[in-house]
Amino acid sequence: MEKVVIKDVITSSGVKFGTSGVRGLVVAMTDKICWLYTKAFIQFLEQKYSMSKGVKVAIAHDLRESSPRITKAVIKAVIDSDYEPVYCGEIPSPAVMLYGISNEIPSVMVTGSHIPEDRNGIKFNTPYGEVLKEDEEMIVSQAIILGEGIFDKNDMFLQKTELPKVCNQAHFQYVERYIDFFPKNCLTGKAIGLYEHSSVGRKIVKEILEKLGAKVILLGFSEKFVSVDTEAIRQEDVRLAKQWASEYKIDSIVSTDGDADRPLVSDESGNWLKGDILGVLTAKYLQANVVATPVSSNTMAEKIGYFNNVIRTKIGSPYVIAAMNELLSNNQNTVVGYEANGGFMLASDISRDGKELKALVTRDAVIPILAVIMLSIDSNKTISELLFDLPPRYTASSKIDDFTTDKNQEILKSILVSESGLLNKFILEYFDGNNSIESIDTTDGVRVTLANQDIVHLRPSGNAPELRCYTEAANEECAKKLNQCCVDLINNYLNKKRSNFVNSYK
């Protein structure tokens, strides 16, 4: 017998909790690593919630090539812990979560979300909601007893297993959630393009749209995994949406990321709406009073005047959920949350026309898709016309790849160094010195508000070795230009550092 502490697993494998869930390289996420993490999650549930043996655990996965194997490891860990797995198949993250909390059982989603296919992840949910940051600490502190004869020398199972029969109840329940709340045939007459790619939500989103009366045009199906990031949209996807919009007479194109908890929604011309704009429009449709959103979302939520209170958090759904829970404990009503990636969280039950949409405190892609289309129908406007009523705040985002933690810390430290820092150099060059720093927010990374209300925000990704760059300005062109200039400045800084390093050895 061997005792393995999860903190040691992190050190040896690099597989660790990121912004939301455990993430790592597929080659590092061996059967043993995935089995250990799942065992640790179950031990955590036993300690925190006194969970009894024999309880069911709902399990689902996305369409990545590596996901079925990892799912088998999760299922075996559940069985080996004397619990009963309920295999929900290939369904969205919020669907398996909904099934779990509705039945007061834990759930697990195997997904890497939008990150490249050479990586994957596991999202753990308690019977009451997502695993939060304080829960993660308890999970990684677990010590697991590891018996002999389970894994080979490569940490893969000695005995191969097959996935069990799919239980479709989670699929049906997720579809019914929206069919029951929205008016019957409310999308009749609407032509909606569905960008399928390799999203696990492509079938279920089609089903929901069609059952609400929409004509659905299927676009961009892919057997191979496509890394669609709803926050840093690929130029290829920008071009495709405009091409499809000109080719088909549509009212909108919709899509989701890999595990279908983050949406993409376009206007009638194929222009993708930013996720934080989707968040504001969705909150407006649901008549929310209070909003929680990360510091990376644009400042439209404060400037628009719709909401009684706007709370800013660190980036990641666990932080938004923690803020929403605190708001609920203070008797705030109609509390919602959203992220710059478009994922929307509903902390309060919503009642309308005698129907109720129950709270779902996890990122969801379907509610923003339906809410924005319904808002355009109710106001008799196109989706592009909905934007005319919003304050002029535009954002741009991008990422710099191959960015290790050391590089990230070096850049962020350099930004905070006053006169000689990158930030002051940037202001001098970009604005010809005709601007200044109004405030610096270090809630998550470095978010700088300038005197003209432009914003530059840099932060390390919690899921991949990337530096994320977000910018905000009063018009779209300025936001994009500001973003590109920031990226260029950082790349020039890094190239100069490399050049100096090479020259020192000449």
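Any Cβ shown, glycine's included, is placed from N, Cα and C.
Features reported for this protein in TrEMBL:
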type   : residues : note
DOMAIN : 15-141   : domain 'Alpha-D-phosphohexomutase alpha/beta/alpha'
DOMAIN : 173-270  : domain 'Alpha-D-phosphohexomutase alpha/beta/alpha'
DOMAIN : 275-394  : domain 'Alpha-D-phosphohexomutase alpha/beta/alpha'
DOMAIN : 434-482  : domain 'Alpha-D-phosphohexomutase C-terminal'
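DSSP assignment over the domain 'Alpha-D-phosphohexomutase alpha/beta/alpha' (275-394) gives 48 helix, 29 strand, 43 coil. With helix defined as DSSP H, G or I and strand as E or B, the domain 'Alpha-D-phosphohexomutase alpha/beta/alpha' (173-270) counts 32 helix, 23 strand, 43 coil. Counting residue by residue with DSSP, the domain 'Alpha-D-phosphohexomutase alpha/beta/alpha' (15-141) contains 51 helix, 32 strand, 44 coil.
Summed and averaged per residue, pLDDT over the domain 'Alpha-D-phosphohexomutase C-terminal' (434-482) gives 85.
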